Amino acid sequence: MELCYQLPVLPLDRPVPKHVLSRRGAISFSSSSSLFGAPDPRQLSQRRGAISYDSSDQTALYIRMLAVTNKTIKPSFVFTPGACVIFKQLFSRDVRVRSQVGFEPERRGSHPYLGVDFRTLHSRAESAGSIPARRIRRLFSFQRHLLSSRLLRGAPHLNPLHILDEDYCGQAKCMLEKVGTWNFDIFLFDRLTNGNSLVFLTFHLLNQYGLIELFQLDMVKVRRFLVLVQEDYHNQNPYHNAVHAADVTQAMHCYLREPKLAESLTSFDILLGLLAAVTHDLDHPGVNQPFLIKTNHYLAALYRNTSVLENHHWRSAVGLLRETELFSHLPAEDSLGIERQLGSLILATDITRQNEYLSRFRTHLDENDLCLGHASHRHFVLQMALKCADICNPCRPWELSKQWSEKVTEEFFHQGDIEKKHKLEISPLCDSEANTIASVQIGFMTYVVEPLFAEWARFSDTRLSQTMLGHLGLNKASWSAMDPETSGSSEEGESEPGRPTEEPSSRALSQGSQET
C-alpha cells in the first residue's frame, strides 16, 4: 500500500508510447526514480495487472488483470489470462449525437473534417534533447508530495533537495497572504507553485472562507476535484488554460470581498461563485464557438449552436463533481440544485448574451430595485461578478494586462492560421495580417469592457472599482500609443461624433466570445 501514494499522476491528455501500451501488466520507472525513494523497478515489473488506455480510443480505460501463477497467492477474484474490462466514459446522448453527425467515438476532441486535435492545437514542437516544462513541474510536485508524506510518517530527510521546495513554498505562502489585492501576480504565483496555481489558490480560498468545515467537505475529495479540474484545462492554450482560471478565481475573490457583497452573500453563494470561477472555461479547446459551428463539431450539434462552449464547460464541471463525489454527503436535491445554479453562472459568461445581462443590470441600477436579501437578486449579482472577473484583464496593472493581451491575441491568430490552412473563412480578429494586438485590445476595451465595468462601478462604487477603471484608461492609452492607425482614427472620431459603431462592436463581441 505504501507504493500507491508515491506513484505520480499521468494525465490522459498526454501521448503514451506504443511500447508502454503494449506492456502486459507492469508500471515501471526509469533509473532516475531512485532519486525519489521509489522501489526497485524489478519489483514493480512483477505486478500482475495494469491500467492503461489506448491512444486510438480516448473514451475508454482498459484494465488488464492477468492470471496469478504463484500458488501461494489466493486472489479474491479470478480473471482469465489477458482478461480486459473496458469502462466507457461517454454519455449515451453524446454517442448518439456524434453518430448522427458522422463522428467516430474514438476521436474525442478531434474534428474529422479538418483533422484538428484540440488537445495539441496550440502545442509547440520541442527539441529532441529538451525536457518539457510540464514534466519538470510534475517532477517537482511529485518530489514535494513525497517529502510531505515522509514528514507525516516521521521519516528523516534523505537528501537536501527539499530546501529549494521549502523556499518556493514559503514565497507562495507569502503571496497567498495578499491574495485579496488587485495587483496579485498570478504568473509569479503559478511559477512558485510549479504550475499548480489553480489547485493551491482555490484550496486556500475554500479554507479561508471556512467552506470546507461549514459544508463538511472531504479534504481528499476537494483536492482530487481541483487536481482533475486543473488537468482538464488545456495548458497548451496560450490563454484559455488553468492560469486563466486561477486569475478569474482571484478576481472573483476580490469582488466577493466588496462591502455590498460581503454583507449580503451567504456561504452557499460564495461556494457557488468560487466553483463557477474555477470551472468557467473547463476543457476549453482554444477556439471560439463560430469555429466549432462552421467545422460541424459534435459539440455544436449537441448544444444546437447555442452557448456551445459554456454548456460544455458546465457539463464537464458537473461530470467532475459526480466523479469525485464531492457533494455525495448532501441530499440529492441539494446536489442537483448546486449543479443547476453552477450552470446558470457559467452560462452567463456567454458573450452573445452580453447586451441582455448588461441591459438588465442597468435597469436594476436605474430603478434602484436590487435587493440582495432576495436569493434571485444575489444570484444575478454573482452572474455579473463572474462576467467582470472573466474579462477583467484590461483592468489589471499594465505589467499583467499586457501579458494577457499578448496571450489571447496569440490564440486568436493561431486559430486564424488554422482557418487559412484549411481554406475556411477567417474569423474576425483572427487574421494576423489585418489586425494587431493594439487594435484588437482597443476595440475590446471600448465596446465590451468599459460599458460593463462602468455599470459595475455604479453598483459598487468602491476604491477597487475606481482602481479598475483607472487601469483600464491607462492601458487603453498605452495600446493607442502603439497603434498609429487607431490614434489617428480616434482623432477623426472626435470631429465626427455621428460615426457608426456597428462594425467595431461586432468585432469586439467576436473577441469576447473567444475570451469567455
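Note that Cβ sites are derived from N, Cα and C of the backbone, with glycine treated the same way.
Positions annotated as active site, proton donor by TrEMBL: His240. Annotated AMP binding site per TrEMBL: His240, Asn241, Ala242, Val243, His244, Asp281, Asp390, Gln441, in sequence order. Per TrEMBL, Zn(2+) 1 binding site is recorded for His244, His280, Asp281, Asp390. What TrEMBL records for Asp281 is Zn(2+) 2 binding site. As annotated by TrEMBL, compositional bias 'Basic and acidic residues' applies to 496-505. Here TrEMBL flags 164-486 as domain 'PDEase'. For 479-516, the entry in TrEMBL reads region 'Disordered'.
Features as recorded by TrEMBL, highlighted on the structure.
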| residue | record | contacts (Cβ under 8 Å, 6+ apart) |
| --- | --- | --- |
| His240 | active site, proton donor | Tyr233, His234, Asp281, His284, Gly286, Glu411 |
| Asn241 | AMP binding site | Tyr233, His234, Asn235 |
| Ala242 | AMP binding site | Gly195, Ser197, Leu198, Val229, Gln230, Tyr233, Asn235 |
| Val243 | AMP binding site | Ile186, Phe187, Asp190, Ser197, Leu198 |
| His244 | AMP binding site | Tyr233, Asp281, Trp404 |
| Gln441 | AMP binding site | Pro394, Ser405, Thr409, Asn475, Lys476, Trp479 |
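On the 0 to 100 pLDDT scale, the domain 'PDEase' (164-486) averages 95 in this prediction. Cα to Cα, His280 (Zn(2+) 1 binding site) and Asp390 (AMP binding site) are separated by 9 Å. Using a 10 Å radius centred on the Cβ of Asp390 (AMP binding site) and all shown protein chains, the other Cβ atoms total 26. Within 10 Å of the C-beta atom of His280 (Zn(2+) 1 binding site) sit 28 other C-beta atoms, taking all shown protein chains into account. Overall, the recorded AMP-binding residues His240, Asn241, Ala242, Val243, His244, Asp281, Asp390, Gln441 cover a maximum inter-Cα distance of 22 Å. Every protein chain shown contributes to the tally, and the Cβ of Asp281 (AMP binding site) ends up with 28 other Cβ atoms within 10 Å.
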